[in-house]
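Student: Let me give you the structure first, and then I'll get to my questions.
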C-alpha cells in the first residue's frame, strides 16, 4: 500500500530534527543484533543493528523517539503500564522489524499509531485491554508478517480491519469474549482468500461453539439467529441490597457491545423505569465504551419503601433480550425484626437468626455424611433453605424443598419414588420397596407413608398384567399398618395417603377378575383380600369368615422366589373363608382364631332388578379386611361423625364389602357383620367409612347401621349398605388387647416363682453371713454372682419375654437376657477354673517360707471376666444396630434377630460352655489321679509358718498342724489320712462336691434356658410340653442350689438354726468337729472328739472358736460344759 504525501512529510520532519546521535534512555538496555541482510562484513558501530529492551519499567506512555538508536530493529516494551498509542508514536523507527507491547493496559489506539514502521514484520499486542479495532489502526504496516492480538477485550472485529496488512501470514486473536456469529463471517473468507494462518484461536461464545477452532468451524454455524449470548454482562451491585428509607443507591450496568441496535433499559418488578427527578430516579443513557461495551447507570436518590422489589437491567437487541436482576429491600427508620427461631423438620435442624422485617433469610442445608446424598446435581451447587420475615416482624412462608431428607429411610423411599416404572422393572421395584417397609414400625416422618402410597398407586397401573404385583402391594400395605398411628394420621391429612392405599387395594381384585378367573385371594399379616365372581340367578346367600390361620397357605412368586412373611412371623396370617350359605355351620376352621364374619342375605340381588339386564348376570364381589383401623384415620373434629370428634376409636377389625355395578346403599335386606373386639371400651357405635366426607379426607358415619348384640368379645352389627364396617368405642383409659401378646403358661409362672425364691434365699443368706460362712472369699463372690445372674435371667424371662407391644422395653429385655446368659456361663467357668487351680496347687517348701508372700490379687479380675465380657459383647451388638434386639414385627417374644444372634450369642455361649466342660473334665481327672486331695485349707499366717518351721526343727509341731501330713504342712489341700479341723478349712465342701455343684448348675440352667425358649416359640401343643419341662427344670435347679449351698452345709444349717432358736448361739460357740479323711476310720474320728483333755485339745488351739462340737446334741438343747 502506498504511503500518502502527508505521511512522508511527517517522516522527513521527524528525521531532520532527531539527528543521528540520539542517546538511549538510561533505564533501557541496548544490545547488538546482527541483521540477516548484513552479510559477512562487519558493520561499523554507527551503523550496527540494535535491540532495545524497556520491559518492567512502569512506563505509562511510549518513550520519545530520540530515546532510541537510529538502527533499532527490535523494541521490547512489554510488562509496562502503557494505556494509549497516539498517532505517529513510532515515526522515525524505519528500521524496526519487531515491536513487543504485550502485557500492558493499552485500551485505545489512535489511527496512524504505527505510521513509519515500514520494515515492521512482527507486532505483539497481546494481553492488553484493546476493545476497538479498525482498518486505520494498522495503516502503514505493509511489511507486517505476524500479528498477535490475543487476550484483549474485543468480542468481534469490524469488516476490513486487516485489509492494509498485505504481507500478513500469521494471525492470533483469541480473547475470552470472542463471539463467533454472523459479524465474524467475513473474517473466515478473508483468512481463506489471503492464505493467512490462524494460530491458537477458538470461539468463546456462543456456548454451542465454545472451544472450537475458528478455522475448523463450519461457516454456516456463524449465525445471528441463535438466542442472544453476551460475552460480558454485569450489574453492579449484583447481590441483594438492604437500605434504609432516604438513602441513595446507584447501579451500573454494562454488557458486551455486539449489535448496533443494542439498548440498556431498567425495570422494577416488570415495569419499565423512566427518569423522574421528582422521585429521585436518574438514568444515564446507554454509551458505547471502547467499541466493546455498552453501559448505563441508574441512581435512586431518596429511596422510599415503594422501591422494594426486583430491579432489572435489560439488554434489548433485535436478536433477543437478556437481563440481570437485583433485589432491593427498603427498611423504614423504625424497622422491626423477626426473633431468632429454631425449626426442626424432616430436612434437618435450622436455627434462623434475628432478621430484619421484609428480608428473606437463607440458610445452607444440613450436610449429610459422606456418600449419604442421593439427589442429582453438581457438587458445587449449594442447596439452601429460605424463610421470609414479613413487614410485621413475623416469620412467614418458607421453603426447605432443596434440602435433603435427614433420615436414611426417607431418602431411600424418595429416590425409589422418583424412579420411572415400566413393564420390566415394576415387580422388582415393588420387591425393593417391600424390603424397606418391613421396618415401617420405625417410620417417623409422614413423607415415608406418602412416598409409599404414591408408589402403590404407580404399581396399580401394572397390577393387571402381573398377579405377583398385587400380592406385593398387599404385603407393602400390611407392613405400613405397623407404622405409628400419628404418622399415618399426618400422612392422611397431608395427602390422603391412607385413603389412596385402600382405594388401590380395592382395584386389585378388579384386575384379577377381569380374565376368566372366578376367585382371587391373597393375604398378609394385617390385610386379607378376597374376590368372587357370583351369578345373581344362583346366589343363595354367602358367609365369609375372617380368621387368623396358624400356618400360611400362600403361593410362591414364580419369578421372585417364595413369597414369605417378611416380618419374621409366618403365623397369624389373616385370611378369608367363604361358603355359599348364610350360616356358619358348615365352616370347619381348625387351629384358627376367628376375627370377623360377614353375612350376605340370599335376596341381595333379587331385591334389585336392573332394566335391560338378564337374571344370570355375573357380579364381582370384593372383600377386604384390615386387622385394625390404622388406615382409616379420622382427620376431622366434627361431633356429628360416628367417632364423636375423635372421642371414639376403632376397636375391631375393619371389613369392606363391595360389588361392582351394584348399588352400595339402600339395601332392603341388611348385611350382618360380626366383629371381634380387641379392646374393652364404652359407648359402642357401629359405623361405615365414607371416603367422600370432610373434603375427601373420609370419616366414619353411623347412619344405616345398628347394633344387634354382644357375645363374649364379639359384636354383631347390621347395615343397609355395602361399605367398610367397624365398631367404634370410647377407649379412654382402656388397655388394648394385643393379639400378639399372650401370657405364659401358669406352670412357668408358678415354678419360676419357686426358683426365684430359692435363689433369693441363697443370695440373702450368703450376703448376711458372709463373715462366718466357711467359704473362700473368691468362691463367695462367684457363688453370689452366679445366683444373681440366674435370678436376673429367670425374672426378666418371666416378666418381659412377651412384652412385644413396646419396642424399647422389648429391646431392653433382649439385651438383659443376652447379658445375663453370657454372664452366667462365664461365672460357671470362673468357678471351674478356681477349683482346678486349687486342685493342682503345689505346696511350698520349708526353705521357701522365709520369702514374703505375694501381694493379694484383686477380686476385680473375676468381675472383668464374668461381667465385663458380656457387657462388651452386648454393647457392640447394640451399637452396631439396636434393632438386633427386641421383637421382629408381630413376633411373640423378645429376643434377638437370627443372624446377629449367631455371632453375638450362640457362638460365644457354645465356646464358653465348651471351655467349662473342659475344666470339669480336667478337675475330674485330677481328683481321680489324686484321691487324697479333697479339701481346700486356709493359708497359714506368716508367723504360723515360721513357728511351723521352727517347731519341725525342734520336734514340736503346733497342735493345729498335727492333723496335716508332715510333708504338706503348708499346703492348701489335704493329702493326709487324718482328721482335719473345720477351722482349718477354706471351704466346707470337698473339691468333688464343688465340681458337682458347678456342673449341675450349668446343666440345669442350660435345660431351663432351652425349655423356656421352646415354650415361647412353639405353638400348641408343643408349647404346653415345653412349659412343663421348663417347670421341672426350674424346680430341679432351685432345689439343687438350695440343697447344695444351704441344706447340705453344716455352717449354713447352724446359722439358720440360730435364726430360728436364739438359745442356739451360746452353744454354737462351742461347736466344732473333725472331718474324717480317707484312711481314717469313723470310730477313730468319733473317739477323737470325745477324748477330753487329750485329743480334744488338738482342735482347740489358738482360737476362741476352736472348741470341739458335740454333734449328737440336739439343735435347741443346752450345750454341755466345755471339757477342760
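Heads up, the Cβ atoms here are built off N, Cα and C, so glycines get one too.
The signal peptide feature in TrEMBL is assigned to 1-23. According to TrEMBL, the domain 'Ig-like' annotation covers 231-329. TrEMBL lists 312-407 with the feature domain 'G-protein coupled receptors family 2 profile 1'. Marked as domain 'GAIN-B' by TrEMBL: 570-735. As annotated by TrEMBL, domain 'G-protein coupled receptors family 2 profile 2' applies to 745-1049. Residues or ranges marked as transmembrane segment by TrEMBL: 747-768, 780-801, 813-836, 862-882, 902-925, 991-1012, 1024-1043. Marked as region 'Disordered' by TrEMBL: 1084-1124. For 1103-1112, the entry in TrEMBL reads compositional bias 'Polar residues'.
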Student: Taking pairs 6 or more apart in sequence, does the count of Cβ pairs under 8 Å between the transmembrane segment (813-836) and the transmembrane segment (991-1012) hit 3 or more?
Tutor: yes
Student: Do the transmembrane segment (747-768) and the transmembrane segment (1024-1043) come together with 3 or more C-beta pairs under 8 Å, pairs six or more apart in sequence?
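Tutor: They are in contact.
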Student: Which of 780-801, 902-925, 991-1012, 1024-1043 shares the most C-beta pairs under 8 angstroms with the transmembrane segment (862-882)?
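Tutor: When the Cβ pairs under 8 Å are tallied, 780-801 comes out ahead.
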Student: Going by DSSP, how much of the domain 'Ig-like' (231-329) is helix, how much is strand and how much is coil, in residues?
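Tutor: Helix, strand and coil residues of the domain 'Ig-like' (231-329) number 3 helix, 61 strand, 35 coil.
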Student: Mean pLDDT across the domain 'G-protein coupled receptors family 2 profile 2' (745-1049), rounded to an integer, is what?
Tutor: 80
